[in-house]
């Protein structure tokens, strides 16, 4: 029967492998390697009889406790018979004892063989005798082992001489027996009272693994339980009279040479005897093979995660331990071999956790297409920079003055930040880049629209004044109102960063390819809602100043920019979020670039192109009397203050001019 057992080193390390020194660990591994070499050498050679090679290792025998109990019960039965009869019972003969050993072998498939061996002249007048039975090739074989094997004379016979030389203090059991008096059975004979020794499993002995020559001719371990007889010189004393044994075959027990950490949660703190003796190369890991028996090389070297087997058409995508052992032996003999250069797996493509070949695992990007999109973003930046230069050059023109050059710069600066966010998206996402994106986008967004809407708010505030009192709402006053907007934005971003920072996560495309993207959370959606509410306030402001004098009235263009941002920007955002798993990296980046055009490029065109158009058509000396709509304005300008003008009869409204 094939069986995989955990072979554990015990011996001189009672506290477990975890408490071994480095030197002890090395010695343990060297002993295991030496044992494997013994196994191979003996398997390919012949022995003459007796106990052959002994492996310098011991096992945790608890797994064979039930087999040991068979030997203990056999020994205790024979002890009772010999104690009661003061020697060999008359009814026990060779066939009786052979029958007992056969029963031991037949009742447990784990037991390969069983023996009953006696001391000199303990059994009848035999100088030595060992009744041995074993099963091989589905046949029960019984014979006297002592004919070809002098177990008494060979002191290295561990299964016999160590039990013989032990000092025993067997447990004594007091026995009361009432026999039948006669054949009719109508009364008992006088009560007999006596004591008899009882052996326990602890009194027995497990041998080291050895090759049994002349017995089973296999690798085995043997458990021996002592048989006690009365001491002829002192009837009250018990002496060693022989052993009852069971053999557990190791030939059919698999050797596990793989790493100790793969042992699992068995609860043992000792180290597996043959663990860490595999020869698997880097990029591979050892996987034990079952049902191959007591020999080295019974493992596969399979590729670790992130690597694949070079021969992609092979049925078994793993290197065979026997092959590694063979090449390693050639290397030790300084013969040509492939041990150092072969048996290595190949790395998977980027992003693959596991793979079977070099196929891509990450959705590929068309760098030409993405590069073209990035070029569009840089054109947006260049366009915004040109507008900034134009504002600076025409800063003294009345139309630009009315729009406040400083806030024009602020609006464009916010657009630079929003462009920077889309530039970041071009690169492969990392946790750091994912954390940076909201900062560039939201700070830029509220900088641009905060400055734009505060300018509109100033117009609304001024034209609601009905008295002749001068109202100061210069750029510095508006800047003080912009700072709280940016302060709330930054505080929100800090709280976002502290509580739930964005991170890189993986989504799968319809082609089952990986796509790295930055995570979204309720913080994202709350920020988008805040932007929409902020822009709705802008819609209200534009509505309230729709009848303001034309030189101040940008409400139509600002309204268009706001409506465009609310609907188009959010529409593209919804498409991007809903179809994220269905789109490739290039289409996702296209949506980012398109989404950028709404609050940046289109807004820039709506706000600044009409101004430069009027400057170009009305000449550089256009005064405050001409606004962006071409209407005439009344004079009455002041520096950093506004004096409201009462409407003249028949006119629609008075007009003011605001200068920085």
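Glycine too: its Cβ is placed from the backbone N, Cα and C atoms.
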Stretch carrying transmembrane segment according to TrEMBL (options 326-344, 345-363, 459-477, 478-496): 478-496
Most Cβ pairs under 8 Å with the transmembrane segment (406-427), selected from 439-457, 478-496, 522-545, 587-609: 439-457
Contact ranking winner - 371-394, 439-457, 522-545, 587-609 against the transmembrane segment (478-496), Cβ under 8 Å: 439-457
Beyond the flanks of the transmembrane segment (439-457) by 6 or more, those residues with Cβ under 8 Å of it: 403-404, 407, 410-421, 424, 478, 481-482, 485-486, 489-490, 492-493, 527, 531, 534-535, 537-538, 541-542, 545, 554-555, 558, 561-562, 565, 599-600, 603, 607
